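Visitor: Pasting a structure below so you can have a look.
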Protein chains: 2
Amino acid sequence: MGEFDLIDTFFTHRWPARDDVALGVGDDAAVLNVPSDSQLVIATDTMVSGVHFDEQTPARAVGHKIAAVNLSDLAAMGAEPTWLSLALTLPEVDEEWLTSFSHGLREICEYYDCQLIGGDTTKGPLTLTLTAHGLVPRGQVLRRDGAKPGDWVYVSGTLGDAGLALACQQHQQSISDSHYRRVLERLYFPSPRIALGQNLRDVASSAIDLSDGLYSDLGHILKSSQVGARIDVDELPLSLALTESVDADTAINFALTSGDDYELCFTVPESKRGVFDTVMARHPAKPTCIGRITNQPEKLRLEREGEPWQGLDKQHGYDHFG
Amino acid sequence: MGEFDLIDTFFTHRWPARDDVALGVGDDAAVLNVPSDSQLVIATDTMVSGVHFDEQTPARAVGHKIAAVNLSDLAAMGAEPTWLSLALTLPEVDEEWLTSFSHGLREICEYYDCQLIGGDTTKGPLTLTLTAHGLVPRGQVLRRDGAKPGDWVYVSGTLGDAGLALACQQHQQSISDSHYRRVLERLYFPSPRIALGQNLRDVASSAIDLSDGLYSDLGHILKSSQVGARIDVDELPLSLALTESVDADTAINFALTSGDDYELCFTVPESKRGVFDTVMARHPAKPTCIGRITNQPEKLRLEREGEPWQGLDKQHGYDHFG
């Protein structure tokens, strides 16, 4: 099977098609129509075999996740996802793997009405890069640099589940089968918080998606906004799978420092809290308030019952080459 | 050096900045302003170490080429390049390599006034994926599917030079040092035909960039347009470096089947030939007319003095996994 057959077989037929795509797969480049009242939002993420996933990761999960991690970036900007470009480097044409991979990718494209508009397939060590494009109403994008002292700090979902799954895979933790299945689902099939991000456009003063762990990622908001934060570790949203599997301090460490959550962390000004609560009343999973922004630049203070919490492990979020 | 320091050190300071970038490197995603009279054009290409380049390829050439091959796709659409996203997978932080690589990439960004708006850096086997974005006036994009019987077939520049350089590197050919330096420059530092592509918007009925070799790439125009072509192999534009290094039939084979030319192949209707010649009079390197479109779908006839030319080698352009 050649390169062009591969694209035809796995990435063309019966994939979602959007009206704003003037020209999709099959020319030198794709051509898109951007509405004049919108700004274009672009995110890129790579996943490397042996680094971001391994041989035991189902191909369908790889297909889901390469899209999900990029859509999560768009969610953090308040954007609506529209078009994806996929660069796929494969050691060989493994039709079984490609069938499952393309299935996982197509499912998430269908769910979020994204169109695969192009990319490249090359031979080499298994590596995937996806560039996700989205749209946001002009001037309404969520940024990292708008947090102000007094704003409330929120996170969506529960934290640390994917990190627990990874620790189990690496034999650093041992947990019950049912809990393992739950956290593995979080590791393999993260849900980008697209609807939440769009609902935050009018209310959040800053937002970021959690890919490297809350401690590290909230640090980016603090640095960009030149503010600090007080976080109450007892308020961190934890799943039963996490709290029933490890002791309290270990659970908090997973929530603070393990990556792959793909939840949103954002700040809401006091003046927008009423609007926020009203909007969130319609939202299935209400985000959790975990603390407040302070005026001490880049100072992240972890508290329990008002006192400093000293239980943080040395590992603070994932930094390639760090 | 960590991931964020790496981006700061090599990919942020003193790079070109465009007015239409609302938010560049440093948030979850970039935010761009697309003019309402333009369509967005997106191309993605990957280069893998050991496949598309090797250890003897200078890092500056890798940086130039990963942008050039993508800009060449934009040129074939008639687009003006604007924004680049770079996914860089590195086995380690080699500061010397990164300095030269980023230098090569920044030079081409400066020349074409492109801004690097984001991307990803990850650890793994050396692989680069770049997604190039460009703009084209609404409805004026060049496509592959517009060639009509009777249109004239043109190519820019000279063909086969990069292929000759690669053959020399692989010890399949041996040529003089001065010729080798010239063709190696074509292999390492291809020039995307951006100005030509923009000048073709009003005159060409179809266009493609030559990455896999004329024979294969012209085949895409024929397939998309459901037409055929007659090509006079004596009209193929060949460099002195090529014609003085190999015999005539070998030179024609390089021109037809070797990749990495990054020239444009396009078709011009008889009715637009006057406009075309007028536009091209201002152009430094006038494209060469090599043949004509026929009404025989997907039939590419190679001729010499009106008779079929039978000298084509079996290898017809590069197909990964082929």
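Quick reminder: no glycine exception, Cβ is built from N, Cα and C everywhere.
Unlike curated entries, TrEMBL annotations are predicted automatically.
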Visitor: From B:Asp73, B:Asp161, B:Asp247, B:Asp249, grab the residue that TrEMBL records in the same Mg(2+) 3 site as B:Asp28, B:Asp209.
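Guide: Candidate in the recorded Mg(2+) 3 site: B:Asp73.
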Visitor: Give the distance between the Cα atoms of B:Arg144 (ATP binding site) and B:Asp73 (Mg(2+) 4 binding site), rounded to the nearest whole Å.
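Guide: Here the two Cα atoms lie 12 Å apart.
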Visitor: Enter the number of other CB atoms within 10 angstroms of the CB of B:Asp120 (ATP binding site).
Guide: 24
Visitor: Largest pairwise Cα distance, Å, within the listed ATP binders B:Gly119, B:Asp120, B:Arg144, B:Ser211?
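Guide: Greatest Cα-Cα span of the listed binding residues: 32 Å.
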Visitor: Around B:Ser211 (ATP binding site), which of the listed binding-site residues (B:Asp28, B:His52, B:Asp260) come within 10 Å, judging by Cα atoms?
Guide: B:Asp260
Visitor: Spatially, and counting Cα to Cα, which of the binding-site residues is closest to B:Gly119 (ATP binding site)? Options: B:Asp28, B:His52, B:Asp73, B:Asp260.
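Guide: Out of the listed candidates, the nearest Cα belongs to B:Asp28.
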Visitor: For B:Asp28 (Mg(2+) 4 binding site), list the number of other Cβ atoms lying within 10 Å of its Cβ atom.
Guide: 28
Visitor: Take the domain 'PurM-like C-terminal' (B:148-297) and average the pLDDT across it for me.
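Guide: That region's mean pLDDT is 95.
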Visitor: Fewest other Cβ atoms within 10 Å: which of the binding-site residues B:Asp73, B:Asp260 wins that one? Let me know.
Guide: B:Asp260
